[in-house]
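Participant: Please see the structure below; I have some questions.
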Amino acid sequence: MLSARTVLSRAGLISNASRLNSTLVVAEHDETKLAPITLNAITAASKLGNEVSVLVTGANATKVAEQVAKVNGVKRVLVAQDEKLKNNLPERVAPVILASQKQFNFTAITAGSSAFGRGVIPRVAAKLDVSSISDVTEVHSADSFTRTLYAGNAVKKVKSTAPIKLLTFRGTSFEPAKEGGSGAVENAPSADIKTDLSEFLGQELSKSERPDLATAKVVVSGGRGLKSGDNFKLIYDLADKLGAGVGASRAAVDAGYVPNDMQVGQTGKIVAPELYIAIGISGAIQHLAGMKDSKVIVAINKDPDAPIFQVADIGLKADLFKAVPELTAALP
């Protein structure tokens, strides 16, 4: 492990006097239900030893706020409901966080380490003139953390002296918070939300009857070794037998075999299922960063020197075009 370093802050004007230790978690959701990574972030936030509040922003935030209030460990839920906050663009959410910080003087502001969290937390950190710490995998104390570096190939213990800690938590490193709470729900402080900084153009959502990659207990992923998109049927057939989610390596996505929402890796989705089956995937650093925390890893590859075998619990050196159909046929 690399040696610890100190994260310094230039924000000397932020007063620490008479502050109660308190943490704000910025919720991620789709206007109807809370994103699972927020539950992981709440668990991580509770390890700071502070009172935990959750900020829910959006055009229809009330329903999600009610869900959050029932989460164990949540003391307060702040709700900012405004049409300007539809789709929760980071440029529009940040002013609400800053207004909440001004009123409640939190000692830590956190979120899950997702595209949303990575968009909003550094923005708020810049406004507060402090350094943010990303991809935290372990909380040692209120000011000491372990985070990943170099696509997950190194870990580093860091200590922050900043008066406000700005953190994103890797979801797969923390258990999701359970229900059982009764947090108070109240309106968030009003904020000046500017709409000319960014614009939401639209999104295309893929529909699938298979489990979502982020929550699936079993994931079957295919790589460049499948040679074509049509051959991904081998992956789909096996996944359907196992009730699994389907993923892919970046190489398979870049080759056009499958859409990029299936990508597992540093620039894709981070997963940690009970079982991860990698088929025709060599095991590039970028891919390993997204799945190496899986409980059991099975690799099928004809190259005995493929890096994927270094992290696999079970490795099968075989031609995937023979091995996978045989495996699928053998399953009930």
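Note: Cβ is positioned from N, Cα and C throughout, glycine not excepted.
Annotation source Swiss-Prot lists FAD binding site at 275-303.
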Participant: Between the binding-site residues L275, I279, M291, A299, where is the Cβ count within 10 Å the lowest?
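Facilitator: Per-residue Cβ counts within 10 Å for the binding-site residues L275, I279, M291, A299 bottom out at L275.
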Participant: Within 10 Å of its Cβ, which one of these binding-site residues (H287, K295) has the largest number of other Cβ atoms?
Facilitator: H287
Participant: Among the binding-site residues listed here, G283, D303, which has the most company in the form of other Cβ atoms within 10 Å of its Cβ?
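Facilitator: Going through G283, D303 one by one, the largest Cβ count within 10 Å is at G283.
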Participant: Determine, from DSSP, whether H287 (FAD binding site) sits in helix, strand or coil.
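Facilitator: Its secondary structure by DSSP: helix.
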